[in-house]
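Feature list (source: TrEMBL):
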- Asp294: active site, proton donor/acceptor (ACT_SITE)
- Glu143, His211, His232: Zn(2+) binding site (BINDING)
- Ala154, Asn235, Ala236, Arg243, His272, Leu328, Ser329, Gly330: substrate binding site (BINDING)
- 62-401: domain 'Amidohydrolase-related' (DOMAIN)
Amino acid sequence: MPSNKSVSDAPIVQFTNCRILRDHQLQREDLWVREGKILNPEKLFFDEKGSADVQLDCNDSIIAPGFIDVQINGGFGVDFSLATDDFKSGIDLVSQKILSHGVTSFCPTLVTSPPSVYHQVLPQISVRNGGAHGAGILGAHLEGPFISKEKKGAHPEHCLRTFEAGAFQDLLATYGSLNGVQIVTLAPEMRRSSEVIRELTKRGICVSLGHSVANLSQAEEAVQHGATFITHLFNAMLPFHHRDPGIVGLLTSDKIPAGRRVFYGMISDGIHTNPAALRIAHRAHPKGLVLVTDAIAGMGLAPGRHTLGQQVVEIDGLNTYIAGTKTLSGSVATMDTCVRHFQEATGCSVETALEAASLHPAQLLGIEHKKGTLNYDSDADFLMLNDSLYVQATYIAGEEVWRQDVLGM
């Protein structure tokens, strides 16, 4: 049947012989794409009397939404918390390299830094669509400096700050600007944090709770003021205690406002979180789990010394420590590795593992109408994977941006 071009002259691509992740299930059907969006084939057939211009045989691959990494500090020798002259080329390099790991959108993350670093770096992080040049940038994630000294983890203590009178103005002065900022991680037990959470939320910025000694009621109050995320659950917070479960207790709290979901990041690298802890969190609150890499500049490089903002970090196998200590400092795991480890550790379904890296982060950021799903009219950012969840090809806006060489497909 010839294509009807009355609606659009753009070519229609039909991906056949695949299993598509849609509505939480792998469904054996074709995927139709035009002008960077996923098409409803019924409308195409019945309203336009159209058909495909190009058919691609997917060799029984899984097709899943592209992964979204909301916490990545750098990789491949690039550190997003360093104000370098070639910062833009660094961010371009990382966005290019993570395509092979299935990441189609990400939030470049800055750890606690001096104000001068934020003032230099943030203007160079612009929200942009992905493409052949690399994964899309959804906005910056600012992790600190308004965090707890006791739970600073790998964050430099001399750069930590508290909220003074006029707390929100203090935050603005520290960062220089909130343009292009998507997430701010702070410690909710700090005085005046409630007003900051309300102001950030009002501006559409996601507030995440982390690097904190907050008790459960402080965490619940933060959620009531608008916080929706927990930064790397279990890491850099008070351990779970049965009389006061702290931030971890948000996973089963009955004080969450109606209609609100609290999401939580997990570094599923086999190092940061014991598989049993991963299973506990997943079983307690499966729909809130968001896989993050928390990757540092050393991701993709040989073991040795690298940086994380103001600190020197040593990589030993999959372990990353602040040099000379046993303090963990980010990970060197890639997102596809985290997805596979999560599925193996929890025994969850393939669909659940894939959604933890796609649908859930999109829901967290309120962009699930265009990212994180393969629903009709959403962005055609998707992956082809084999049954073991290894990425075979990455597509952004319907265009192939990376393919595994050995496939011969």
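Cβ atoms here come from the backbone N, Cα and C positions, even for glycine.
When Cβ neighbours within 10 Å are tallied across all protein chains shown, the highest count among the binding-site residues Asn235, Ser329 belongs to Ser329. Annotation for the binding-site residues His211, Arg243: lowest Cβ count within 10 Å of the residue's own Cβ, Arg243.
Ser329 (substrate binding site) sits 9 Å from Asp294 (active site, proton donor/acceptor), taking the CA atoms of both as reference points. Taking the centroid of the Cβ atoms of Glu143, His211, His232 as the Zn(2+) site, the other same-chain residues with Cβ within 8 Å of it are Gln71, Val111, Gly144, Ile147, Gly153, His155, Thr185, Ser208, Gly210, Thr231, Asn235, Ala236, Asp294. The recorded positions shown are Glu143, His211, His232, Asp294; of these, the one with its CA atom nearest the CA of Gly330 (substrate binding site) is Asp294.
Looking at Ala154 (substrate binding site) and Glu143 (Zn(2+) binding site), their Cα atoms lie 11 Å from each other.
Only His211, of the recorded positions Glu143, His211, Asp294, have a C-alpha within 10 angstroms of the C-alpha of Ala236 (substrate binding site). Distance from the CA of His211 (Zn(2+) binding site) to the CA of Asn235 (substrate binding site) is 8 Å. For Leu328 (substrate binding site), the same-chain residues lying six or more positions away in sequence with a CB closer than 8 A to its CB are Gly153, Ala154, Asn235, Ile271, His272, Asn319, Thr320, Tyr321. On a Cα basis, Asp294 (active site, proton donor/acceptor) lies 14 Å away from His211 (Zn(2+) binding site).
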